[in-house]
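The following features are taken from Swiss-Prot:
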BINDING   Ala226, Arg227, Pro228, Gly229, Val230, Gly231, Lys232, Ser233  ATP binding site
DOMAIN    195-462  domain 'SF4 helicase'
DOMAIN    582-660  domain 'DOD-type homing endonuclease'
DOMAIN    612-874  domain 'SF4 helicase'
REGION    1-25  region 'Disordered'
Amino acid sequence: MAVVDDLAPGMDSSPPSEDYGRQPPQDLAAEQSVLGGMLLSKDAIADVLERLRPGDFYRPAHQNVYDAILDLYGRGEPADAVTVAAELDRRGLLRRIGGAPYLHTLISTVPTAANAGYYASIVAEKALLRRLVEAGTRVVQYGYAGAEGADVAEVVDRAQAEIYDVADRRLSEDFVALEDLLQPTMDEIDAIASSGGLARGVATGFTELDEVTNGLHPGQMVIVAARPGVGKSTLGLDFMRSCSIRHRMASVIFSLEMSKSEIVMRLLSAEAKIKLSDMRSGRMSDDDWTRLARRMSEISEAPLFIDDSPNLTMMEIRAKARRLRQKANLKLIVVDYLQLMTSGKKYESRQVEVSEFSRHLKLLAKELEVPVVAISQLNRGPEQRTDKKPMLADLRESGCLTASTRILRADTGAEVAFGELMRSGERPMVWSLDERLRMVARPMINVFPSGRKEVFRLRLASGREVEATGSHPFMKFEGWTPLAQLKVGDRIAAPRRVPEPIDTQRMPESELISLARMIGDGSCLKNQPIRYEPVDEANLAAVTVSAAHSDRAAIRDDYLAARVPSLRPARQRLPRGRCTPIAAWLAGLGLFTKRSHEKCVPEAVFRAPNDQVALFLRHLWSAGGSVRWDPTNGQGRVYYGSTSRRLIDDVAQLLLRVGIFSWITHAPKLGGHDSWRLHIHGAKDQVRFLRHVGVHGAEAVAAQEMLRQLKGPVRNPNLDSAPKKVWAQVRNRLSAKQMMDIQLHEPTMWKHSPSRSRPHRAEARIEDRAIHELARGDAYWDTVVEITSIGDQHVFDGTVSGTHNFVANGISLHNSLEQDADVVILLHRPDAFDRDDPRGGEADFILAKHRNGPTKTVTVAHQLHLSRFANMAR
């Protein structure tokens, strides 16, 4: 057992002087001798193939020859000058390497085929030096990037990774063909079967747990979670005792909670079976001392390492783990515990920081090819249940959403339901808030089910709604906060604007106009005429023109029996069973046969650029919206109505594309379909709508009058405001700098939430990152008005790379911590909550998540007085 030494040994020798223009390290004679030996002897091929890869040869011609020899050898065919020449000729490479005579030159060059393995070592060493030169060049580039403003910690970490890759001789590849993976996988399956199904990974020491997991496997991230005092640190040490003391494989614990001596005491207590309390109080018997001395000599050689450095950062853990991987062939890493780690950086919330740790620990597990056990703390969820059993939802920073929750895509601009992503397996780009509160595109790299949990419906003042578990985090100004901790009146972030999608596709404008009119005032039911029925002559004319441009003739009904003038497609003689072109067009967009309460905006509109989105909204508003000036209240009225909630949500989403935040109200109707209205409040957004979107037809006159009125003083509701805590921060900073002017000094002003214009003015005077982000960011601070339980449902979550959040149902939501884990073990001790529990002395390892196998509850005995858990007698 050892303690990690943080001090790297000094380097006595000075670095070599720079010498530019030199050839990279190589030995062409050794390369020729290797290939010549392989052409002469099959045994030489066997000696060489495990030491070299094609990229280890300096000359490209030698790489081609080596690859051809290995291909022939792998197929069981002879590899000599004749067959290799034929293979290279088949590939069109023979002339490139110098023709068949060069192969005979290789044979004549080799002194003896028996030394091919030695020649291969020379080639491998030169290749390693070349990679070191390449890595050094990249490190120099990273250094210059750091001097130009890149994050220094990230630069150092990338430089370390470059050197580590060279030392570990690992060549990164973008992909591996399936055929290259089949045989190694078959070998692993065969090895598991031949060992009777025993653990192939690092054995945990618990028989039943190993039977389910087959041990802890390289590349896995394992979360061990429990409430305080249940024994999660003890379980982590049990894993290490099994790895290092029982099986003599190296392990390391990075402890942010216990000191080195405390950890060693616990290990000795568990191994010598001496009460930890007796050790600490000095009440050990002679028999205890004898057992302790005997076990100390037995475990002193165990390759177990301990690091209790305070304020340990992720970069330090990576650097130390890489060094141990080289020094001691590290097989297991334990981090105790996740919530105590620090990054040294400023994050908008602790939840984001912990999620970053989780992701980096998973990447560390994959990089070093070792299992990483991250100990984590559960929230108070178990204490609120009758049986006190923990659930996956209790994991801190964990949360879930229902299958119907719609995620905003960045590639198409449309929304897609979680359930659809699960069915299709698609992993799209999504819009996400970065640390500056700006919308950025980030990949959703994983979507997964999280079981059945209690779900709450959260409704905002703007009418937006989302269904989530109590543990799902929402963004407050103070940071990411679980839904269970939110209350009515809290302010959370929603997008105030959304950029154009990454892959925009323009639509024919005639089709766009026709589509907007059909959604707003059209009827396209099966076995009924397809009609458009406005009362505005200008709108009728617009549809007539757009239909003509789309090669769709339209005729007008204007007879007395008709309730209103209408346009319908001209009758055409079609074969039986064929629908009209306009019906086929609407069916292709998913709108044919849709009733008014079922309508929605097709994906093609969301893909369109912003100028076409504005055109679509202009004609849609003319068909189903209203724009007017209210002289009684001295303010404008801009709204759109529909019996389809989905259509209202889609229109709200499109308005964000042109930088307009809207509000949704609900009007229940007995005996019919409820209706919804989408309102645009505030002079600023109304002016933006009138200038950038506008309306068509008779409403255009009212729009011009409204725009004229809005240029003067009008009532302007303070809807787009910042949380009060921001206002307090602004006031404190201004007071400290003695910069309060008359506009920012009135006492009554501090009683209310500030409009965004005031922090914007303050931001110009004080240097405060939070105020800057608030004034310039893309977050709208909406108000929680209702939180209601809607029962248990199947729920899902996703992983967003980098920013760890996404837009769902028009609200910014965080993703979960558990998504990075391959295995989640929840620890439960019934007697931790009730000392008289009949199961006293027992503990449950609840395998709540197992990416590569079944879940199960494993019952063990807890002997915490001896700092250990133990298998139950079978």
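Cβ coordinates come from backbone N, Cα and C, glycine included.
Note that the structure is predicted; figures quoted are calculated from it, not measured.
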Cβ neighbour count within 10 Å of Val230 (ATP binding site): 23
Remaining residues near the recorded ATP site, that is with C-beta within 8 Å of the centroid of the site residues Ala226, Arg227, Pro228, Gly229, Val230, Gly231, Lys232, Ser233: Gln377, Leu827, Ala832
Tally of residues which DSSP labels helix, strand or coil - the domain 'DOD-type homing endonuclease' (582-660): 43 helix, 14 strand, 22 coil
Among Pro228, Gly229, Gly231, which are binding-site residues, the residue with the most C-beta atoms within 10 angstroms of its C-beta: Gly231
C-beta crowding around Arg227 (ATP binding site), within 10 angstroms: 22
Other C-beta atoms that fall within 10 angstroms of the C-beta of Ala226 (ATP binding site): 27
Residues near Ser233 (ATP binding site) in space but at least six apart in sequence (CB under 8 A): Glu257, Met258, Asp336, Tyr337, Ile375
Conformational class of Arg227 (ATP binding site) under the three-state DSSP mapping: coil
